[in-house]
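What Swiss-Prot records for this protein:
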type: REGION; residues: 171-245; note: region 'N7-methyltransferase activity'
type: REGION; residues: 246-428; note: region '2'-O-methyltransferase activity'
type: REGION; residues: 429-555; note: region 'N7-methyltransferase activity'
type: REGION; residues: 556-692; note: region 'GTase/RTPase activity'
type: REGION; residues: 693-835; note: region '2'-5'-phosphodiesterase activity'
type: ACT_SITE; residues: 718; note: active site, for 2'-5'-phosphodiesterase activity
type: ACT_SITE; residues: 720; note: active site, for 2'-5'-phosphodiesterase activity
type: ACT_SITE; residues: 797; note: active site, for 2'-5'-phosphodiesterase activity
type: ACT_SITE; residues: 799; note: active site, for 2'-5'-phosphodiesterase activity
């Protein structure tokens, strides 16, 4: 949802939009909670409070004050990610299709012949990183840019089997216009750009697990971050390959040679980072015009020195000349050398051309070896061709996508490779590598061993759920890693499936109860965004591919009402109750009935079950930004840091009742996942709370009334306001609590309206208006380690007779309290108080 704050109402009506007027009687937290549970996507928030907007944004719900109708029209028609700390809106708006254009934030693409293959009459527009070049389009009171591009489709095309680019793009654009927007993918880059700088300010060692190509620019500014990926393809790995011949397959209709060169250099940069944790000088021989240098330098400040007879316009220093092996001595330490020399074929016949290529390959390799032979902190990526070669077994083979699969591949070398054993690799084996292997990632670091790193902050986004990881080891890591942000795939199934398919692999599934974390927040993507100064206009949906975000060691753990809080907890319930259910009171009715409380009069006002826990359990798929376990735990140790709002602390028994209702709901829905989750949350409540039950009571609290509007034959009809199991020396403690609660007890608005048979031979009158005070005094007794209340639900009633009688219904009648007392069962009254 998105909250668009206005000082005045607007005349126009918008679809899926609701108006909320700030309620001055309620504080900012209550207003934020009420707004978050509205069911439409767009909320027009009138007479807004800045504090309420701040609360919503910290909760991950995009909320922004608008100053003009133009701002409203722009934001209401699309989704966006909001940097509420820097006041920047990143739109995810594809309406530019109506201008017959596709967009890119990679400059090199604009220098290709891609426009020849676009839809008729369409053009390509460069918009800069995250749409930075579009800022001038929006003259708003806040910074605004459109981060939507088609780079994801272009890159998907490059790695796909498709060759017809126009048909591919047409299909993908139609899909984009008919399916739900993958909002997390669009905002993930914004998130990563906020996440890693903030982590590096606080942590010396940051480890990142499982980066992919979409992060290839993100980490250029962070050479000290240690990356873990799927490892490199080494020369020694070719032993598994059978020999093949030249294939000559075209990959792309437009020229992507620059993309290949960029990926090669980025691979070398990140390989260098892994070895030396600093930025290198980048030397390049050949590969002009290298327009992609603009992209790399746009993200991060690198020094490029290049040699080529052709121009290289974005190089820091360009030598318009050839480079020879004797020039190697000009190159400094702490550098990368990229060798991409290849003479144009011209009119040469195939045999002569092949001989030239092989000679150049050997020459390239000689330059690489000479460069690495002396000095320190060096990495070289060199262009090779399929031919009989002796190569170091530890050298890395690269084959990033290029326009055509021919005989070209690249070799990544470091100084250690020079001293390693060399192996003869036949030409046919190298063709087999070229024909069958595509390097899919610029990150080729070693795989992560799933174990605790005590001196590091671990970031593992979408990296550890795969079933090639041991599930128990992943859980152990999350439980024991003191500082981390790790995601795992949430169990969205109804049959409690332990793993589910994803693309061509399987993922383990998890619930929050699978983890025994200490001082960790378990939330959703949008809940996590709020912790890092971001919010989003589209909440997580139960797509089947959702993830829990688990943050260990955050200083926001105790700020229970600010981050990963209860906002939106009733939203799904409201959507169902007010559209599909038998009555809008259905949730209240079900919760009472499932706990054998049949007095439904005023059930929406006085409910015997925690709606928070119940909704968090049965609708966890729709809102898991609320960290339920943290909420329970902090209450159990009485360390809840509440900034504001009308706050009601639940008694532990209310939480147990909610779990019982949720379990019955799950059984009726045949939802095995909610059934297990509810059982495990109930077990967790019993673990963190030391709940004892007065199932064999020896004292009770009684309330006697001045007026009983029914006939009765007991001596003194009274309400048993809870039973206790205590030693006699604890009686003074109970009396002290009753005295403290005196005003609240006598202020109870107690009513009755009918009689019924509680069981055979027990005729009683119903009592309403006491449950909230009962749970409050339950909490006080619990915190003083006094056993109060039974394991079965407290059903307030007044015993009228021990004979079977007919039910009587009367107008709701207020009962006046005469006295409240503490009496020993089958004994005397030990304390009595009157108003």
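Placement of Cβ uses the backbone N, Cα and C atoms for every residue, glycine included.
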Legend entry - For residue 718 (active site, for 2'-5'-phosphodiesterase activity), nearby residues of its own chain (Cβ under 8 Å, 6 or more apart in sequence): 702, 703, 704, 705, 798, 799
Legend entry - Cβ neighbours within the same chain of residue 720 (active site, for 2'-5'-phosphodiesterase activity) - under 8 Å, at least six residues apart: 700, 701, 702
Inset, instruction - Go through 797, 799, the listed active-site residues, and name the one with the sparsest Cβ surroundings, counting other Cβ atoms within 10 Å. - result: 799
Legend entry - Counts by DSSP class (helix H/G/I, strand E/B, coil) across the region '2'-5'-phosphodiesterase activity' (693-835): 31 helix, 56 strand, 56 coil
Inset, instruction - Tell me the residue counts in helix, strand and coil for the region 'N7-methyltransferase activity' (429-555), as DSSP assigns them. - result: 28 helix, 34 strand, 65 coil
Legend entry - Per-region confidence, the region '2'-5'-phosphodiesterase activity' (693-835) (mean pLDDT, whole number): 95
Legend entry - Helix, strand and coil counts within the region 'N7-methyltransferase activity' (171-245) (DSSP): 41 helix, 9 strand, 25 coil
